[in-house]
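The transmembrane segment annotation in TrEMBL covers 12-30, 42-59, 71-88, 100-124, 205-227, 261-279, 291-310, 330-352, 373-392, 404-424. Residues annotated as domain 'Cation/H+ exchanger transmembrane' in TrEMBL: 24-429.
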């Protein structure tokens, strides 16, 4: 009898590992399919497995593992977010940083307000059960968390760098904003909202953003300094790889321990590690870490979608909801409609505002690009499910009618948006962004109004021009040159807006090459490691 729980655990893990393997194999076979992608494949396999388990257990359960928020937030989410920061193309990300923050933070707040107010007004007409104002605000945060995995699997960052970097960066900032909002809602007594409480809420929100980012940057710099000074690769590349992985995870856990936004912390830690730390290790360690982080991220994503598919058939939740199926359908329809409206209310007005400050027509978002960004944010995924469980479950159970309706409605919206919208993503993007126009898009976004010239003659970021942010070139002309000013329309406002931005990046590049890289390492400043694979190149 003492061995039975252990045996059950072994059986569950074995079956789940087999399912993960099958998801990878089937996802590879369907990679070129016009409709399916890896996320939908994992969801479908999870649903089929859930049906089989329901029959074998005579309707008692549909999954082999019980959902645990700690499992999601502590073990599955960190590798996904860190790899996103580690693999991001930094020059495109920071070139479009203002737009990413605009869509990811401001757009999320707009969607949050619309979903919260909409549910507060429309749910009163349905017999749901008792919901407090904190529950309505939590719903706004839950359904503001987007999942743009399906769209990113279709977009190519080499063919559409502007669109890819905006969709990618917005997705990360959006998840962080949603979780920060959700945590702030749980900490405040919102039964009596006063101006002082509102201002404290905003201040707490900004504090989370600034301190979380600073913590990630700090841990990333510490890891770079340690590896640069200790020359670990001289003795063992295993230690380098282990230290990078552990320092990345340490940044996430330190943020959790300090009640900060761990997503922002580990994301910026990934950016700093790829800019400094990664160049301080040996060539074999670089290859190992790059593929190790990508592998862990891929397995975590498949694990999450697989479990969501199985949990969608959990009999406990549906038994409570089955007594009033019309109410459940109405709630799901309202939430899905508010997601569509909230996303449109954030993307199109913000795109219009962003276009007003663009210096050239090729940098402005076209209507087709705006529709693509809008569509990329319609999918809801694992973050929404995890936050819904956090808000509407009590000790892992959902016997309360209102809570069961909220959980099942969240799962319904996630499944519908991921499967239906995900299936239509490839055909829609091929319609909006046909391949014959991709080469034109690249040339216009990369070279803007200037004729081709050597990349070493260009500033880091200037009027749509980018050069490698990690190339060690100190002889960079000042971005306020006559040629640049003449290339744009001679509008005083645009000249005024262009000059400070270019100067900031110019001086950051000088500071990075003069102070940061000599201290923390990086491309062109990596230490000499005897016996490393790069030794012949250094000689």
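Yeah, the Cβs are placed from backbone N, Cα and C, and that goes for glycine too.
Just so you know, TrEMBL annotations never went through curation; they're auto-generated.
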Remark   = The answer for the transmembrane segment (291-310), taking Cβ pairs under 8 Å and residues 6+ beyond its ends, is 16, 19-20, 23-24, 27, 38-39, 42-47, 49-50, 53, 62-65, 67, 72, 75-77, 79-80, 82-84, 86-87, 149, 241, 245, 248, 381-382, 385, 411, 414-415, 418
Message = At a C-beta cut-off of under 8 Å, are there same-chain residues at least 6 beyond the transmembrane segment (261-279) that contact it? List them, or none.
response = 73, 77-78, 81-88, 90, 93, 172, 175-176, 179-180, 183, 208-209, 212-213, 215-217, 219-221, 223-224, 227, 244, 247-248, 251-255, 286, 289-290, 469-470, 516-517, 520-523, 525-526
Key: Distant-in-sequence neighbours of the transmembrane segment (205-227), which means Cβ under 8 A and at least six residues beyond its ends   = 105, 176, 180-181, 183-184, 240, 243-244, 247-248, 250-251, 254-255, 258, 260-273, 275-277, 280-281, 519-522
Inquiry  = Between the transmembrane segment (404-424) and the transmembrane segment (71-88), are there three or more CB pairs that fall under 8 A, provided the residues in each pair are separated by 6 or more in sequence?
reply    = no
Request  = Count the Cβ pairs between the transmembrane segment (404-424) and the transmembrane segment (330-352) that lie under 8 angstroms and are 6 or more residues apart in sequence, then report whether there are at least 3.
outcome  = yes
Key: Residues from the same chain, set at least six apart from the ends of the transmembrane segment (373-392), whose C-beta lies under 8 A from its own   = 39, 67, 69, 72-73, 76-77, 103, 107, 135, 138, 141-143, 145-152, 163, 166-167, 170-171, 174-175, 178-179, 182, 186, 304-305, 308, 311, 339-340, 343-344, 347-348, 351, 365, 398, 402-403, 406-407, 410-411, 413-414, 417-418, 421-422, 425, 428
Spatial neighbours of the transmembrane segment (12-30) far in sequence, C-beta under 8 Å, 6+ residues away = 36-38, 41-42, 45-46, 49, 64-65, 298-299, 302-303, 306
Inquiry  = With Cβ-Cβ distances below 8 Å as the criterion, list the same-chain residues six or more beyond the ends of the transmembrane segment (100-124) that contact it, or say none.
reply    = 93, 131, 133, 136-137, 139-141, 143-144, 165-166, 169-174, 176-178, 181, 209, 331, 334-335, 338-339, 341-343, 345-347, 350, 353-354, 373, 377
